[in-house]
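K.L.:
Sending over a structure as structure tokens; questions will come in a sec.
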């Protein structure tokens, strides 16, 4: 029996695609707007890249290996500070380091290129699934969403995962309707390569494979089903090799599983209580904020009622719900391949194999953006045909990203939220104000950032590396008693600088529980300063995001005797 024709996805050039629009001139205008959004997305990424903020602690953890290890060592886990990243990403960033140095901009270059490339590759993807107005909305969301902009200028692999998801969709629209061996091998080969740059790509590729196979099974297209095994087998083989060589070596981080448990990152499986049901509602809501960036960042607004109103997710929820229904009715295969990656990630989360949490859901952004854009273009279509405001109403979904992006241009300290740190600023403040004879005390929880910037900026401070005495201290008094040798060593110098991290209450490999001694009483540094003021005089202070610096004068020493009350 002859095989039926290949599945035809709706494309931009299909005659029915003009039905929602008012004419050719409108199509041109939406295409222009889409390109303007691409330009805005590139501008935002370049602006924050050139702004060159300090690395934050997670970036520093990974950067430590990237500037110190060669290609072979990067391929031989473990990395410093128990970091994990796909080998393709590690090698690409290492190549940038060798070419351009160890600076923040060199380390972030590959992520920047991936972020910009994702905008260009997403254009043909959006045009395949959407009409011109929907394309403009989809590109606008990808270009302007603050979390996606942030991960495009970060020394982590999450921005690369966004590009990987977009590339997987592009390969689908490029090769899924072709059944010659050459194209099937190309589809399989490119997908296999993507897996070496993104852990999360396996969810997207597996979602595509399951969707295509189910479609062929229902349609009884046995030849197409048989031929589709070629690319899918290549993906499975590539994933297996990658897992055996690299990924499985990271699978025994029990502390990390506990860390994510405390943050509700694992889906209840099975849900057995009202609290478990609430988890799904909360997870869906959080996706609208991170990674989609659709909720207004209204935390700086004083009026509480207005702040709550701006934070409401009603409009995005309406659009995405409509999008689910529209895509399901229009094309079941498209509905499945956009949804299955999220379902597979949720299943892995329920099995505690993959946390469904914040930055680890960034790869889903392009998929949900296509649902949202489908909903917005449907709303624009059902509103009165002559009412130009119908497009304006549907475009309201972009107000959140636009508002937040403008805020972050005006105040760059808002960019990245809690991930925006002043590690470099704190350390360079010490360098700028150092005097001969000064010593720098680096607290145990500030040593990773100091080690990175010492190497990159060739610092030659005389330092005292603070000991971590938390485990042997049952109280704050005991903590400072055990720390006395370090503090007394500081007091031997006329002046001493103190570098503290006011955010980190635990080392890598530990879990910081609510109520821990260090997190509740010691992390903000106030007790540390109070203890040092018994020995000397506080002369200067720098209060930054994540780091504080204090200068003490010990010219008139007053070293407490053993047994003195805290």
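Positions of Cβ are set from backbone N, Cα and C atoms, glycine also.
The structure displayed is predicted, hence computed values, not measured ones.
The feature domain 'Glycosyltransferase RgtA/B/C/D-like' is assigned by TrEMBL to 85-238. The transmembrane segment annotation in TrEMBL covers 28-48, 109-126, 132-150, 157-173, 193-218, 225-248, 308-328, 334-354, 361-383, 389-410.
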K.L.:
By Cβ distance under 8 Å, which residues at least 6 away from the ends of the transmembrane segment (109-126) in the same chain are close to it?
P.N.:
34, 38, 41-42, 45-46, 49, 89, 92-93, 96, 100, 134-135, 138-139, 142-143, 148-149, 151-156, 159-160, 162-163, 166-167, 169-170, 173, 366, 370, 373
K.L.:
Flag the pair the transmembrane segment (132-150) / the transmembrane segment (389-410) as in contact if three or more Cβ pairs fall under 8 Å (sequence separation 6 or more).
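P.N.:
Counting Cβ pairs under 8 Å, at least 3, so yes.
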K.L.:
The transmembrane segment (225-248): which same-chain residues, six or more beyond its ends, come within Cβ distance under 8 Å?
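P.N.:
Beyond its ends, the transmembrane segment (225-248) has Cβ neighbours at 75, 77, 86-87, 175, 179, 181, 184-185, 187-189, 191-193, 195-196, 199, 202, 205-206, 209, 212-213, 216-217.
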K.L.:
Thinking of Cβ pairs under 8 Å, which stretch from 28-48, 193-218, 389-410 has the most of them with the transmembrane segment (157-173)?
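P.N.:
Comparing 28-48, 193-218, 389-410: 193-218 has the most Cβ pairs near the transmembrane segment (157-173).
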K.L.:
Could you tell me what the rest of the chain brings near the transmembrane segment (389-410), counting residues at least six beyond its ends with Cβ under 8 Å?
P.N.:
44, 47-48, 133, 137, 140-141, 144-146, 149, 293-297, 300, 315-316, 319, 372, 376-377, 379-380, 383
K.L.:
Give the mean pLDDT for the domain 'Glycosyltransferase RgtA/B/C/D-like' (85-238) on the 0 to 100 scale.
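P.N.:
Averaged over the domain 'Glycosyltransferase RgtA/B/C/D-like' (85-238), per-residue pLDDT gives 97.
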K.L.:
Could you tell me what the rest of the chain brings near the transmembrane segment (28-48), counting residues at least six beyond its ends with Cβ under 8 Å?
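P.N.:
Residues 21, 112, 115-116, 119-120, 123, 126, 132-133, 135-136, 139-140, 142-144, 149-150, 152-153, 405, 408-409, 412, 415 contact the transmembrane segment (28-48) from elsewhere in the chain.
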